[in-house]
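**Student:** Structure incoming, see below.
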Amino acid sequence: MRRRVLPGFGISLGYALAYLGLIVLLPLAALAWKASGIGVEGLLRLLSSPRTLAALRLSVVGAVVAALVNAVIGLLVGWVLVRYRFPGRRLFDALVDLPFALPTAVAGIALTTLYAPNGWLGQWLEPLGIKVAYTPLGVFVAMVFVGFPFVVRTLQPVLASLERDVEEAAESLGAQRWQTFFRVILPMLAPALLTGFALALARAVGEYGSVIFIAGNIPMRSEIAPLLIVQKLEQFDYAGAAALGVAMLAISFALLVLVSLLQRWSHRWQERSL
Amino acid sequence: MSAVMRSRTVAWPRRLVHVVLIALALVFLVLFLLLPLATVFVEAFRQGVAPYLEAIKQPEALSAIKLTLLVAVIAVPLNLVFGVAAAWAITRFEFPGKALLGAFIDLPFSVSPVVSGLVYVLLFGAQGWFGPWLDDHGIKIIFAVPGLVLATIFVTLPFVARELIPLMQAQGSEEEEAARVLGASGWQMFFRVTLPNIRWALLYGVLLCNARAMGEFGAVSVVSGHIRGLTTTMPLEVEMRYNEYEYVGAFAIASLLALLALLTLALKSLLEWRYGDEIAAHAPGGH
């Protein structure tokens, strides 16, 4: 019925499919095709080289830890921005999106300057024995920076719509504030928290621009996986670059599947605790 | 009396917790977000205003600015039309594979920017699928402007569609159906009913799409070839100057990009504040 009243089904779907096919699917097919050129044996040899493994590990472990940290800090910042009133709240709320809006190369050189041994923050960390710039810690800092807005932005609408009477009920039944938080509020936030975590993770795993400046790119130590792809391309090793690209896509996909499983589990947790 | 006493003893530690939480959040926001932003401007003006202006007026800087604008002017409208078409098909009709189409639209957000550039090198580069044919016909895509445009389109493809789909889903199609029943043509319905209903969400999506298009680094870095004055956009010019230890020059260009980011944030907040209901149900993520 609706199909007959509203026009443009064929043209809008046809255009969207053609555009998506040309811009996204055809190029990804080229990636898969080129990667298959090096064969299973070649792929295994490439992926088992210590340098590749070290880079993949840094990208994945760094991104997971950064996303976890973002989940905690994002919960704090989201909570404060939604629940409390204080001067400048709107301004700070707008500031949360800065990592989305600031080009990654700009963030990269700014973070490097800030955390370099003579930088504003680096000069205070250096005497404590904490080196950030040109170390894996720097990679982690950049990954936290780019992923920060995701958790805050996914939590805010959920926090705003939380029913206060559930909390009040818990408290009138004698629950402590921290009990209310961990037993009542946190289960209600869990699905959104996991969504934010997944988005921050997906962003950080593949992050390039903000990381390469602060990383120092020391082989086996502070080299990220996307940088290896760039290096392979510079050596005209197209098949190797493609294989690494496919490996990175597979890792992102596996992580996202894992998070969606966690999400299903958290929904059950939520239902049980309500 | 006892009630007042009780409410006081409960209220004051709780207020302390509020103050501590607010302070922690603000300290983090200032140290982690505000300081990097401030660094950009302080470093850009480290040697004063004259070297800053000098750095921006260099021919390479001007050509990088022009190229960045050119890439955005092509990429953003194309993704705008795609976003409207995709949102119209997805929210107004039922067809098999709809969920899959939605997933494909989001795909570029979970692909590393480097891979987004790489796929075009594999397609159009010297050793790519169409490389030899393009070479024979004297067409250059990789290490040239078309490659920059394609990589930028790939990376920014989801922005407009992602803003429009939840909104148009929530709005439903009653008004559009009424317009049709009352005799409006397809385009009349689109320009008089659909477009006014989605205009602020559309602008919001375009704003985010444009910010990413002008600031994209990883994807364009792979396809650019870094030819000064020809294929270096502003973020690439920042990188080249920084790697050549031209810090004032690098931060001068970076400061222009940071101003663009601030302008984007200001307009975004204005749109959210003024037309929040009409942008409504926008799903977070990926911006």
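Note that Cβ sites are derived from N, Cα and C of the backbone, with glycine treated the same way.
Copying in the features that TrEMBL gives for the protein in this structure:
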TRANSMEM  A:12-33  transmembrane segment
TRANSMEM  A:53-82  transmembrane segment
DOMAIN    A:56-259  domain 'ABC transmembrane type-1'
TRANSMEM  A:94-116  transmembrane segment
TRANSMEM  A:128-152  transmembrane segment
TRANSMEM  A:181-202  transmembrane segment
TRANSMEM  A:238-262  transmembrane segment
**Student:** Excluding the flanking five residues on each side, which residues at least 6 beyond the ends of the transmembrane segment (A:128-152) place their CB within less than 8 Å of a CB in that stretch?
**Tutor:** 58, 62-63, 65-67, 69-71, 73-75, 77-78, 81, 96-100, 104, 107-108, 111-112, 115-117, 119, 121-122, 193, 196-197, 199-201, 203-204, 207, 210-211, 214-216, 218, 221-222, 224
**Student:** What parts of the chain pack near the transmembrane segment (A:94-116), using Cβ distances under 8 Å and only residues at least 6 beyond its ends?
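**Tutor:** 77, 81, 122, 125, 132-133, 138, 141-142, 145-149, 152-153, 207-214.
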**Student:** With pairs restricted to those 6 or more apart in sequence, evaluate whether the transmembrane segment (A:12-33) and the transmembrane segment (A:238-262) have 3+ C-beta pairs under 8 Å.
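**Tutor:** Counting Cβ pairs under 8 Å (6 or more apart in sequence), the transmembrane segment (A:12-33) reaches the transmembrane segment (A:238-262), since there are 3 or more.
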